[in-house]
Each structure stands twice: as C-alpha cells, then as structure tokens.
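What follows is a short report on a single structure.
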C-alpha cells in the first residue's frame, strides 16, 4: 500500500532517504558534546566542594534554637543550657525599637531560662522580700548575682537582672508577655492594665503589646509553620498510605490501559467529568448550607489574611469562588471534547499502539522510580547545602546602650569589652549578640555560593529528567523499528538504552539541560526582582517585568519541547545535541499538521488521566481528614489545618501519576517521531515496507485528511 505525500517545504530540510541497513537505534556511535560533558563534571566537582565548605562552616542549630546575648543556643543538648529551652528578654519594651526590623535583634539583654515568669515582680520587691522571692527572681538574672552585696541600682547598671518580671508565656521558644483582652477590647497583662517597672515608671499593657509584636517580625508565619509541622507529625502515616494508594491506582490504571486502551480512555473521560461535576455539586451544597449563618456573608477582602485557614471555609464567598472555578474547568473540558471528538478517536489509536509498546517493554513502568530516587537525592543535597550556607555566618556582637554613645551599634568583642575604651566612655553600654554575619573571604562570596547552589540544582534536576527521556525513548524506538515483534526487540531494552545514554551522550544531556537551566535561573531572578518591586510605584517597571516573565515562561516551554524531541533523535541516531535538535525540529515542521492533530490531543487525554487520579485521591482524603466519613471518624487525626495533608496528597498524587503517565507520554512522542521517520524512509512496497502497524496506517490517513476542493 502506498501513501501519497505532499512534497515538504525545502526550507525545513530534505526528507529521510531509504536505508536498508537501518534497524532502529544505532549501536555503532561515539561520544557527543565532549566539552559540555567535561564542563558538567567540573561543575559537579565544584558543587561537591561548595557542599563540603558549607557543611564545615554552617550550623543548622541556628535555625532550630534561639540564641542569648552571648550567642549561645538555648536548649541545645550536651551543653549547660540543655534544660534552658526558652529565651527571656530583660526589657521587652526595647523590642519596639526600629533596630529590631533592621537587624532582627532586640537591643536588650537576653537570657536562656527553663520557664517563663508567671507573676509580676520588681527587682526592689524581690530584694526586700523573702528568700523565696529572691530565689525566684535569680532564675532570670545572670549567673553569680549576689543580692546581699549588690544594691538594685548597681545590678541594673551592670545589666545583671531585669528591672521587673511580668507574667509571660512561651511562644516559638521565647517568653512573651501573657497578653489578653477584657470586655471592650482593653489590653491586659496578667489581668493588669498597667504596672510599675521597678524604676518609678508606670507601664501600660498596650505598650507591651506593641513591643511583643516587634520582638519577632515573623511571629505569625512561625505560628502557622509550627501548626503545619504539628499536623505533619500527626498525619504523616496517613499521608504515606494515601501516596501508596495513589501509586497503586496509577499502576492499575496503566496496566488496564495496556489491555483496554480504548475503553479506559472513554471511562477516564466520563469519570473526570463526573468528579469535577461532584465538586461543583458539593461547593453548591456548602454555599447553600451557609445561607443565613452569622458572619457567612463576610467577603474574603473584609476578612483579610488569617492564619487559621479554616475560617475561609465558613464564608459563602469561598465556596462560590470554588464552584465558579470548577464550573469553568468543566465547561472548558466538555467543549474541548466536543470539538476534538474525531481527533480523540485517532489519539486513542495512538495510545493503543503505545500500550503495545509498553507491554513489550514492561520494565519501563518502573523506570520512574529511578527518576524519583535521583531527583530526591538532588533535592536533598540542594536543601541541606542551602541550610548550611545560610547558617554559616559567624556571631556578630555590637554595642548597645541606653544613653548617647559614639560607639553605639559598632562591632565589639564580648571577651575584651569590659577592659576596652568603650566601656569606660559609655558606662551603661553592653556588648551583645546582634546577628550572624562575617567579614572573611568566605562570607564575602557567600551569596555567590548560594547562587551556584541554585543553578546546579536546576542543572542536575534537568539532567536527571533528560536522562529518563533519552532512556525511555531509546527503548521504545527499539520496539518500533523491530520489524518482527517481539522477536526483533533487543533483550533488556531499558538497560541497553540507559547504558548508551550514560556512555555516549552525557555531554549532550548536560548541554540540553544547561540551556534550560539558564532560562529557569533567569526566571527565578525575575521573580526575585518582582518581589523586591512590589512596593514600588513605577508602573512601567512592573509592566516591563511582567512582559519579561511572560516571555521567559514561553521560552522555557519551547526549550522543553525542543529538548524532548532532540533527546529522542539522540537516542535513535546518536548525534550531538544541536544536530539532533535541528533534525527533530525540521521533521516536526514538515509534518506540522499531524503534530497539532495527534500529539497534543494525546497529551490532553493523558492529562485527563492524571486529573482523574488526583481527583479521586483528593476527594477521599477530604472526606477522611475532615471527619465526614462516620465509619472512620475516630481514626482520623485531630489537626489544626486538615487541608495540610489534603494538599500534600493532591500534590504528591499528581507527581506520582505524572511519573507513571510520563512513560506513556514519552512512548507516544517517540512512536510519533519514529512514525514520521518511517513515512519518509519507506513507501509500503515489498522492498521498502512500513514498520508501522495497520492501526497507525489508518491513523495516518485520518490525520492527514484535508477538505476536498470542488472541481
């Protein structure tokens, strides 16, 4: 059978010529893009050097433990402060200083203590009171304070004790005043609206409130983070079970797709419509049930940002927004299905052929596990290195004082401070821990190390992805170009393809992933600029930045598409990256109609499969963690935010489904390019037979149909 083809546009290169010796991926090949391979190896060695340097300089304890005025970690195991887990401020009112926002440190003495004060007590009352009061007060003084020998003015002059104690509660490992509100919104501390500070001054509770807010500029964010962390500790085993279920469902779906491709695609389409439809129905029922409820008509804008996200589910506008979004998605999917109904039949035939290929190369279904493992190693190395880099600064001490002093805020050394000129000229000054920094050569280039860490993270992650694409495409190309299937399919095609990719094409994979990484790093930099310019008033700068972000997003998508097809050509012909990318691009442009008709419609159907698995896992996790399934209501953990495990499961199940469906997607793309090559190489005659099946021949005729002209 001979198929007529239009002459391709000469500007997209010449069609492939018939080669009787071509039997699929070429085995006699050489190393490609050697310079880029060497560059990648050197970059990895540099990455390991940065990691070792960061691990030798960094200290993650700075993230975990609060530090006192001497830079010591509160609550650190194996130290004298092991039992003193909480940080106590001598004068919390000093935290209202603008310096807190500049250097993230209160200009007052800070001490590690075992527990926070639970009563109001001044230094004078403690000294004149009974022994119990003095012993209690000493807990919040520096070591070695002798109340019998020193008078209160001397103690306060040397900053040995705070002037007063007030009822406090531990929060993010810091003792903050136990603030509350009475009827009418009056702020109180320990049921008192005002109290003496022990120095003849009267302090209002409102002043303490402002100081407490500024004592920790990220207090709300930390509160949310702590609650989310608690939720993970309570639900991690259920999350793990949900991810295993998502993996099993994905695997079952792929296996069924192998034997019942046509039926499963239609079942998948119907179930996606039903799942989204149920989501619309559920949102409508929640929206209707809140009608007339007190506070349910408050808008999201009026509510503002709340740390308790469950509050948003108590207002009608939230459910209305969810319902509208799901309805729009439902309409878009239905309209696409209507307009693409004929093309869907063609795409199903391509998926059936891909199912046969996967059936003959079953080991390809387990290859995503290797990709997941390698990506996990890359992410873990990047995260650990980033933490050590960010905590590799040294302790910086500065002069803090109450009165005017020429040395105020200058760097000092606590070991020699008492014998220096500063203490002589400024008697009330103290040398306190300010922040972590440094002036060594290492600290000067620390920002470059962080940038290098981010860049190598993108490069390594893209390299792992590229390795998977080349490996799978090489295996599926071996299947396609086997004239007698399965007799002519080589043994262990996945391992053979992986070996060829690592042995010959590490440089080409590094080259393609380097180009993509450069664009991704530029996008990260643009996002950083956008974050910095949020408060700016220059609308033109914002518009220009938005245009650049859009352009680089499009560029990234185009590069990913070109890289993917270039890797397929590398797996088949063994050429270097640039010639392979050119050949793939020209081949696709010579068959642009088929690319638009078949390849993208198939991608859309596979995306619906991912959406179905995510929807199933998301709905069941919602009913479980929200306690709406009576049979397992007692088994569900008690959580601060039940959306935390739900969102984790939704994202995790999508990644798992994407991993399994990426095998099918890569198979479809590989078969499609081989299919186009086959059309150009052969004509269906006895001397030049097609390698494609009869299903693909039928697919070709349908995909190449054009409106007939009227004579």
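Even glycines carry a Cβ here, placed using N, Cα and C.
Residues or ranges marked as transmembrane segment in TrEMBL: 32-55 (among others).
Annotated transmembrane segment per TrEMBL: 236-257 (among others), in sequence order.
Per TrEMBL, transmembrane segment is recorded for 263-281 (among others).
Summarising the annotation, TrEMBL assigns transmembrane segment to 319-340 (among others). Proximity of distant same-chain residues to the transmembrane segment (319-340), defined by a Cβ-Cβ separation under 8 Å and at least 6 residues beyond the stretch ends, is recorded for 269, 272-273, 276-277, 279-280, 283-284, 286-287, 290, 300, 313, 601, 604, 608.
The transmembrane segment annotation in TrEMBL covers 365-389 (among others).
Annotation source TrEMBL lists transmembrane segment at 454-482 (among others). Here the transmembrane segment (454-482) has Cβ contacts under 8 Å with residues 22-25, 40, 43-44, 46-47, 357, 360-361, 364, 367-368, 370-371, 374-375, 378-379, 382, 488-490, 493-494, 496-498, 500-502, 505, 509-510, 512-514, 516-517, 520-521, 524, 563-564, 567-568, 570-572, 662-663, 666-667, 669-671, 674-675, 678, 691-692 of the same chain, all six or more residues outside its ends.
Per TrEMBL, transmembrane segment is recorded for 604-626 (among others).
TrEMBL lists 646-676 (among others) with the feature transmembrane segment. For the transmembrane segment (646-676), the list of distant contacts is 232, 239, 242-243, 246-247, 250-251, 253-254, 257, 350-351, 353-354, 357-358, 364-365, 367-369, 371-372, 468-469, 472-473, 476-477, 480-481, 564-565, 568-569, 571-572, 584, 587-588, 590-591, 594-595, 598-599, 602-603, 606, 609-610, 613-614, 617-618, 621-622, 625, 691-692, 696, 700: same-chain residues at least six beyond its ends, Cβ to Cβ under 8 Å.
The transmembrane segment (263-281) is not in contact with the transmembrane segment (365-389), judged by fewer than 3 CB-CB distances under 8 Å for residue pairs 6 or more apart in sequence.
Contact between the transmembrane segment (604-626) and the transmembrane segment (32-55) does not hold: fewer than three of their C-beta pairs are under 8 Å, each pair 6 or more apart in sequence. For the transmembrane segment (236-257), same-chain residues at least 6 beyond its ends with a Cβ under 8 Å from one of its own Cβ atoms are 264-265, 268, 351, 355, 358, 365, 609, 612-613, 616-617, 621, 624-625, 637, 645, 648-649, 652-653, 656-657, 659-661, 663-664.
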